[in-house]
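Undergrad: The structure that follows is given in the form of structure tokens.
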Amino acid sequence: MSPFSETSVLLLPMVEKCINLLQTYGVSSITKLRQIHAFSIRHGVSISDAELGKHLIFYLVSLPSPPPMSYAHKVFSKIEKPINVFIWNTLIRGYAEIGNSISAFSLYREMRVSGLVEPDTHTYPFLIKAVTTMADVRLGETIHSVVIRSGFGSLIYVQNSLLHLYANCGDVASAYKVFDKMPEKDLVAWNSVINGFAENGKPEEALALYTEMNSKGIKPDGFTIVSLLSACAKIGALTLGKRVHVYMIKVGLTRNLHSSNVLLDLYARCGRVEEAKTLFDEMVDKNSVSWTSLIVGLAVNGFGKEAIELFKYMESTEGLLPCEITFVGILYACSHCGMVKEGFEYFRRMREEYKIEPRIEHFGCMVDLLARAGQVKKAYEYIKSMPMQPNVVIWRTLLGACTVHGDSDLAEFARIQILQLEPNHSGDYVLLSNMYASEQRWSDVQKIRKQMLRDGVKKVPGHSLVEVGNRVHEFLMGDKSHPQSDAIYAKLKEMTGRLRSEGYVPQISNVYVDVEEEEKENAVVYHSEKIAIAFMLISTPERSPITVVKNLRVCADCHLAIKLVSKVYNREIVVRDRSRFHHFKNGSCSCQDYW
């Protein structure tokens, strides 16, 4: 007997029968829902019936994404008096889930104005989800105050929604305030605040929170692991990352593709290319993200030719289509290996074969490709031919290349463009000052310094991070705040002496102060990465590898010094600066002095 037959209809009151049909067939498709809706109208059920409308709206909103919200709203608009808050909540939830926060808020305001119903414990989490989609922290604060006034602020799932809202909006201070005031914190709360710190430039705080969570006996899940690995990758906390890897193996999370991809990214971003390749080979399942992660990882670590070979293998055997990010990695590899011709060929293939329209990042790679090869005039012509306005990164790339290759006129032009887009970035002033200093144009150096003072621009201090055990140590230039400072500086003195015996002469051309040579030499001796390496030499076993994460570009003097340290002390040293990795071994660097 058909569920829509007249005989079966007579067995139950019509509204109840239609609701039963919805419960039986409603989750299958929009077609079934339309049939049941039409069936109800044909058999005399009023289109304003609230009970049937409630169920129909629920099943419409519950359909696979994207649900037919316009249809659901039409059903809602026909209900004469929607006095059931469930109906309002369902529609608000539907709009929040598809990212239509404007309609969600419009419906909420309509609810308050109508006076038919009051928001309940479920209304605000759905509304907060809509704010989260908008990433509007001010509106979120308004909703937060309404939640408190309504008496729902102590409910854990409301608190978790608020916590996620602030973290997603980048307001980690407010997120932590909500978290700190929660009398009971479940795993969802810990995950939200850890991820908030990890994704908003506070990886150290994320790791500290994980340590606290672990001490309270709360077991991490896959979401925690992803956030934790992301934080480890950002500050080069390889030891902790490896511990997380061991935990993943123990609980079976290595079978989770997303977690494995993030772990792969960790090894690549910590300069551990061999571990990344081993993990990649061991992964049972791989997607385009896996391949792209390793391709980009090889590229930024200076193994550009390997990155290109891996890309060719992916194309020929795996049947996976590269994405925009894959080509960023390939173009980056060509740029940092000086493969200009190959870079232009891959750019052509991206557009013509894969129909990927280049974004600003791809054009930036092409400018970098020419600029690094010393073709700064061609790089400038390429910028002028771009179909979009160059951003500050592209002009900064040109400025950096001009300072390296000594084109002061074009460097000054690039800086003028940068000043219009981002006037107070100290690195641009420093680049130009370095170029003037290398040319001994001290009056121009002084002009730049005076302009920095006049504009209130302060140079970003260089810092270097290293990890010993499970602790990350930070060093600044000339830093003597570390408890082992005396031993560190004694090692630094010994290190400098041994390097001099190998023929090391400090590279001081970019020390942009017109002072005596000895003072300039002292200035470069105490750069943060040298202090960090001296600390690692006294804190780790002989011949063990050293990893340093630096926030600025490695200067020419430190690059030369670290090459010699790797030879004299028989250490493999990986330095991740703001643009790439340098693998120092036996007196040479993977960048082949091309950075």
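Every residue, even glycine, has its Cβ placed from backbone N, Cα and C.
Note that the structure is predicted; figures quoted are calculated from it, not measured.
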Undergrad: Quick check on the annotations: Swiss-Prot lists region 'Type E(+) motif' for one of 5-35, 470-500. Which range is it?
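TA: My reading of Swiss-Prot: the region 'Type E(+) motif' range is 470-500.
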Undergrad: Would you mind listing the long-range same-chain contacts of the repeat 'PPR 4' (186-220), meaning Cβ under 8 Å and 6+ residues beyond its ends?
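TA: Long-range Cβ neighbours of the repeat 'PPR 4' (186-220): 156, 159-160, 163-164, 166-168, 170, 172, 175-176, 179, 226-228, 230-232, 234-235, 237, 240, 247, 472.
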Undergrad: Can you give the mean pLDDT for the repeat 'PPR 2' (120-154), rounded to a whole number?
TA: 86
